[in-house]
Amino acid sequence: MAYCLTNCYQYSVTFEDTAVDFTQEEWILLDPVQRNLYRDVMLENYENVAKVGFQLFKPSVISWLEEEELRTLQQGVLQDWAIKHQTSVSALQQEFWKIQTSNGIQMDLVTFDSVAVEFTQEEWTLLDPAQRNLYSDVMLENYKNLSSVGYQLFKPSLISWLEEEEELSTLPRVLQEWKMCLKTKGPALWQDNFCLKTLNGIQLARNQNGEELYDCKQCEDVFCKHPCLKTNMSTQNRGNTSECIQYAKDLLSLYNKTSTIRKVSVFSKHGKSFRLILNVQVQRKCTQDKSFEGTDYGKAFIYQSYLEAHRKTQSGEKLNEWKQCGEAFTHSTSHAVNVETHIIKNPYECKECGKDFRYPTHLNNHMQTHIGIKPYKCKHCGKTFTVPSGFLEHVRTHTGEKPYGCKECGKAFGTSAGLIEHIRCHAREKTFKCDHCGKAFISYPSLFGHLRVHNGEKPYEHKEYGKAFGTSSGVIEDRRSNTGQKRFDCDQCGKVFVSFSSLFAHLRTHTGEKPFKCYKCGKPFTSSACLRIHMRTHTEERLYQCKKCGKAFTKCSYLTKHLRTHAGEKPYECMKCGKAFTERSYLTKHLRRHSGEKPYECKKCGKAFTERSDLTKHLRRHTGDKPYEYKDCGKAFVVSSSLVDHLRTHTGYKPYKCNACEKAYSRSCVLTQHLKTHAAEKTSECNACGNSFRNSMCFHDRLKTLTKIKPYKCKDCGKAFTCHSDLTNHVRIHTGEKPYKCKECGKAFRTSSGRIQHLRTHMGEKPFECDQCGKAFASFSARIAHLKTH
């Protein structure tokens, strides 16, 4: 199991495999519709990959897209707030310079620290909600009083934290994130414009859009404020900055209490300006510092958490399990994403139906289903869609594009979700087991749908006709069959299908294409379902066992049919003759005998058959195809049963035994003919000579000899024969073919009887004995020649 899990993670799909990156110039050229389409697809891909545990950390492009999404939705509100904030900052700056330059008089200012009361973390937890609210009101009022008279220019960290605590209960999440971003931007602009100090280790510049760019001097990477700013703390001015760095760390720990992600933060103390490192990944990337190394694997990592995650993937360890769904994860990040899908309510809720969503664009797409707007239309079939991702997946059904390929087996898929489900098949993570039959499934929805087979639940009802179904697809197919909605026609035979996938699978019967190949024996199949059933013959995987006789089967339907033999149940009865059958297919074939229907007709000779298998066997006679070949002697057969009978001639296995004389045979039909000799059954009688025959074949051969009818004629010499087998043996004289070869000496023969007589010379067997002198012979013809001497 550990090996399967390790192999699964080795070929895991990451977000980078499915992501498409644009440069700044390319992004500017995209119109709003194209940007929305790109954002929806990227966010959906990231959500699918993160949900199954293949993406541990949020990529920078996703963070940036989320910010772009929030900026677009709240642009009007944020612009008003930014203007108000900039006005207040300008007023504070003017008041500050008035105090500094008024008559050169230096005044002793009252600061917030002199009137503030601070609590430790332990003391804060002991306060009840009323005491916390009172404390917040007093501290905020003191800060407003000092700010109004200009005695407090910079906002203390305590006030920022209290404001966040207050706003989290009243303001939406979107405004909260962007308000904090603007709060940090205000002091940063004041530092850059008035103090004119250079940021440590960072060169400040602006691009053509007015966005701030930061150039790291160690690795020469350039960063902007979106999607994520990661900078290095300078080590050049270590002498007098230890206290400031400690101050910055304290502020950072305080900010982490309220938000796990902060893009940019600038703090000032003692006249120094610093850019906090919210993510030290770039710093270690620049210095190539990989302090954590796995001794068993020889791999080095930047963080201890990375090493622990890698160790779990190698050992297959899964410590993070959610009891509600039963899924276990190697990484806590994947576990957190799974828990969030179960217990955390998404912030964007639909007012019509109450459904909630994680992203606002998903809510907008959902609202279109209520108002009936489907802006994305397929040019091929005219089908419309509400979301671009569904439209792109549908287009791939027309183009045949499958961009998501499995690295292990090479199978391709049109969606990333399909690839993720397929990768689970390689890992064989079937943790959800059915208590009734023991069948295991990869996901809980698959198990939930399977349980409906046992309990008979049919939640999907067709209101017009009153029919109920276990799946939603059953309702759709029934509606199409009743309304006549069948749009997919086969150009070759004219057959109509309700879906493109059904038509695509049907076309393989015309083209003979078998894309699903067994990697063990090389046998091809037209569908993946047939291949899965075939693979069980190699692995001997028989999951469904009969409790009465112990016989096991590869499919649940086979077990169900087998159980009817124990119970004697025959639910399918013929209304005309009363005969009952265990399977519906047997009844369908039986009814064709009453009606004389033969739906399967040969296009070459016009012969019709009641069963498709009979037509398939008949077509092989036209094409000469003999797919069942025995490798030892090279003989091939049209049907598999003939190959099985032929194998018994090599092995000597004779399962059909006569109870009267204990003589055994390799074929049941030969035993049936032998039993007629004991019963003295001679049903066919010749009117010309008066002889009786046990079967019709011998009777017809006798008639041919009397009437001298020889319908089988040789094309080379013109010689005619009464039997087709005699013509086949005669043709080998012209062709020189000798298919029957002796394994002992290598001698070859034209007929099987010739080889059998030859084998008796090796074994010393002489079954033909003379009645007069008792001498035995290996062949019947030798005995006849000997009788002439007497």
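Cβ coordinates come from backbone N, Cα and C, glycine included.
Within the listed segments 51-73, 97-119, 488-510, Swiss-Prot records zinc finger for the stretch 488-510. Segment annotation: Swiss-Prot labels zinc finger over residues 740-762 (candidates 165-187, 740-762). Residues 36-37, 40-41, 44, 365, 368-369, 414-415, 487, 500-501 of the same chain lie 6+ residues outside the zinc finger (376-398) yet bring a C-beta within less than 8 angstroms of a C-beta in it. Same-chain residues lying 6+ beyond the ends of the zinc finger (628-650) with a Cβ under 8 Å from its Cβ atoms: 617, 620-621, 666-667, 739-741. Residue counts for the zinc finger (376-398) under DSSP (helix as H, G, I; strand as E, B; rest coil) come to 11 helix, 4 strand, 8 coil. The average pLDDT the prediction assigns to the zinc finger (376-398) is 82. When Cβ-Cβ distances below 8 Å are used as the criterion, the zinc finger (600-622) is approached by residues 589, 592-593, 638-639 of the same chain, each at least six residues removed from its ends. Residues 757, 760-761 of the same chain sit 6 or more residues outside the zinc finger (768-790) yet have a Cβ under 8 Å from a Cβ within it.
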